[in-house]
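So that you can see what the record holds, here are the features copied from TrEMBL:
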- 23-41: transmembrane segment (TRANSMEM)
- 48-66: transmembrane segment (TRANSMEM)
- 72-88: transmembrane segment (TRANSMEM)
- 95-112: transmembrane segment (TRANSMEM)
- 124-143: transmembrane segment (TRANSMEM)
- 164-183: transmembrane segment (TRANSMEM)
- 189-209: transmembrane segment (TRANSMEM)
- 236-289: domain 'DUF2179' (DOMAIN)
Amino acid sequence: MSGTSRSELGKGPQFRLDFSYSVWWNLLLITTGTFIVCIGIKNFAIPHGFIPAGVFGLASLTYYMTDMFSPGWINLFLNIPLFVFAWFKVSKRFFFYSAYATATTTLFYQWINFNFAVQNELYAAIASGIVTGFGAGVVLRSLGSNGGLDVIAVFLFQRFNLGIGRVYLGFNAVLFCLGMYFFELDLVIASLIMISITSIVVEQTLSLFNQRKTVFIISRNAEEISNDILYQLKQSATFLKGFGAFSREERNVLMTVVNNVQLKKLEEITFTHDENALFIVENTFSVLGSSFSRRKIY
């Protein structure tokens, strides 16, 4: 193919804005996310006495038991030793962003006074889970965290590849066991519903712009399909060697990674060239490198 090299075309769009390491972008994510988190907690969870997860949940539990200070201030006090740990064990950048998140959470919690007045306990648990989960996910898309348990979870994930969800599960299991001792079972169950929804929404928010589709194409016209992937989709592709169990023929298997928007176009390209092609799609949670996401370094 004369004129333009494939290696250049396979890199996707040449100009790509990437705000991942921009200070202002990270501050915007954290400010927006913590504001949303505080709306979810103060307007839906706290009026019904729900027990939030993590260190803020421990702060809320302490507030319910002692009626001293506010959950926001107790959360700040509990975070101090965790941030000392973050400074030395994660990174100074992670420390500053997470400290900013904790500070904005504390301030927003004090300033937010409006109430949506959701009377039904189940509806409030669902609403709190959705709103809080979305806000927490926005914060976690930055180079910081919501503070608290996130600090320990990120450290354990980086050092020992221990899933953040497992850390949350272990801590919150203890927290809710304490809640069962002090509170009615109905309240604990409603809190569990809220936390479960929060976890799901956090994961969905984190993967909102990262989800990709890995596509395998088995076709006699793989060469022509690959050309259209390079020149129309502006994506790279890889040939894998395949061998048919029935036909006993060697054939190229084309593998490529696309986003959700490009998937339909890729399907059209494939079956335009070969109506009998085999088109296999797999969900891919994260793709790093090339024209996709950059590796996240705290």
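Placed from the backbone N, Cα and C atoms, the Cβ positions cover glycine too.
Just so you know, TrEMBL annotations never went through curation; they're auto-generated.
Look at the domain 'DUF2179' (236-289): DSSP puts its residues at 14 helix, 23 strand, 17 coil. Contact check: the transmembrane segment (124-143) against the transmembrane segment (72-88) gives fewer than three Cβ pairs closer than 8 Å, residues 6 or more apart, which falls short of the contact criterion.
Simply put, out of 23-41, 48-66, 72-88, 95-112, 48-66 has the most Cβ pairs sitting under 8 Å from the transmembrane segment (189-209).
Model confidence over the domain 'DUF2179' (236-289) stands at 87, taken as the mean pLDDT rounded to a whole number. The transmembrane segment (95-112) shares the most Cβ pairs under 8 Å with 23-41, out of the stretches 23-41, 48-66, 164-183.
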